[in-house]
């Protein structure tokens, strides 16, 4: 078997190269080579020996001598120090040396030479060296070390993109008697995961069963880690479920990765479910595991659950550290509970064990900036410096963002300059915070100037930058420039999220470009993005304004398919559209459905529907429609309705509602009275004005 892997010219060396056949006889090599250590460190050659044979003998002697001088540790590969130029050894001579050493001096000596050889580029990717070494070890019955050589080959060949070739050889070695082991196959999975070759790893996993290798806990763990790292959350969930079902328990490090990945993708409840399931299987969570869940709950806004998890952690004997406290402080600040966060912050300040770090201060500064308490934010900014903590880019960006939102651009620019003085360059997030606020304050030219400065510093626009620019162009009704930015964004590699697509769809709708908005809507769906309530409301509102009530109703009914619940604005838009088409009965049904859902109709919706009843001379139903409103809301709605009726010269119905208005509020407002007086005068019905004026003057409702 082995001889077939050797070059023909060297096969006879296995027979003619007389090396003592026991490891003890290595002392013989040491003795006979000691006389030559001061010269060329080579064995004396017989007259019949060729130069190649002499070189092989010399190398074998050097390896044996070096091996005896080393302190060997069973758990680690043996290393030898050979005072020998590897370049003078050919590929064929190298495999002859390793085969000869394995045959005559034992597996460990051969393995020493093997590791020495693959340390050189010349032999590192010479596949036959690995195969001959593994085959030689296999012939000695040393399957464990043969697998070790195969794993070494897998790692080294993966470096040059030849993983698949190496895996093929591992599989082929089964024909030579080396059946793939779970450790070797897990090595393949690990390499594939590190390279991001998840589909390849899945294929290898399937091949394991075919080859009779039973996947173990490490196999599943590697697949779970790979899918999570690659962002394939559903696939990771599937592998993790399979792992749990087989009773395999992840280690603490893997558990942290699982919990963090699930929480970052908004699957906090799923993370908690797995956490509980693993505990049921005997998993012992540590401080980092608990902190990962607490952080996820805080980012979700589930502060109460986060503190309940904290209590459970303490019951399990773990004391919260600065990272646990920082997660809670950050969560409290994001919910607007800054004072509660500050009390927790002070607890850290007074602690003898842990002190607030840069991230803790940054979270508190962000909380105060959110509440426009910039003086307190600045106080903490100074305090952290006094404590010997250096603000990082995120700290500066948080404070700059706070000042920009408050309109304090002078201080924001001052902080940006201070960053540079302290060795921190503002990043694109810093500039985004400034240009976003400038655009919202109608200072777009200044924002563009600042953005050009960012580009001159070598920064590049990210997805947020493009979103800000597109939103500004849509606000200016320059849809062409917005689309130009949108195209550039896609070419740069940034994908538009649903929020940005909503901005563009709304802009198209405002300009009554329904074909474009329809195309963009369909594109969004085809890309796997899920339209939101805002998307549908924009489309429905525009179709209603265009008088295309059928398409508006179609989009309204499709909302459920994407899990979108219409709000009062969605209902209001559709009711207005139905009223324009004189479909009052359908509009009334929608109005009742909106009330049943607990939604409060906008005033314009109430007025529109009541007005449609009045147009049909059905003031009684108009009265019934408005009857459930409380007094204040009723008065405001009826005043608006009276003015609308007056503008349409429907004085008779207006007088009826005006009379009802005076019954609830004897002091008519000037605007409504003026509108009614003008309408009566223009319609020649001054008697109505006289009658109502007398009632107002008497204060009679």
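Heads up, the Cβ atoms here are built off N, Cα and C, so glycines get one too.
Source: prediction; values computed, not measured.
As annotated by Swiss-Prot, repeat 'PPR 1' applies to 146-180. What Swiss-Prot lists as repeat 'PPR 2' is 181-215. Annotation comment: Swiss-Prot describes 216-250 as repeat 'PPR 3'. Annotation source Swiss-Prot lists repeat 'PPR 4' at 251-285. Taken from Swiss-Prot, the feature repeat 'PPR 5' covers 286-320. Among the features that Swiss-Prot reports, repeat 'PPR 6' is placed at 321-356. What Swiss-Prot records for 392-426 is repeat 'PPR 8'. Swiss-Prot lists 427-461 with the feature repeat 'PPR 9'. Summarising the annotation, Swiss-Prot assigns repeat 'PPR 10' to 462-496. According to Swiss-Prot, the feature repeat 'PPR 11' maps to 497-531. Annotation source Swiss-Prot lists repeat 'PPR 14' at 602-632. Among the features that Swiss-Prot reports, repeat 'PPR 15' is placed at 634-668.
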Same-chain residue ranges lying at least 6 outside the repeat 'PPR 14' (602-632) that approach it to Cβ under 8 Å: 568-569, 571-572, 575-576, 579, 582, 584, 587-588, 591, 595, 638, 640-641, 644-645, 650, 653, 656-657, 660, 664
Distant-in-sequence neighbours of the repeat 'PPR 10' (462-496), which means Cβ under 8 A and at least six residues beyond its ends: 428-429, 431-432, 435-436, 439, 444, 447, 451, 503-504, 506-508, 510-511, 513, 527
For the repeat 'PPR 4' (251-285), sequence-distant contacts whose Cβ falls under 8 Å of one of its Cβ atoms, 6 or more beyond its ends: 221, 224-225, 228, 233, 236-237, 240, 244, 292-293, 295-297, 299-300, 302, 316
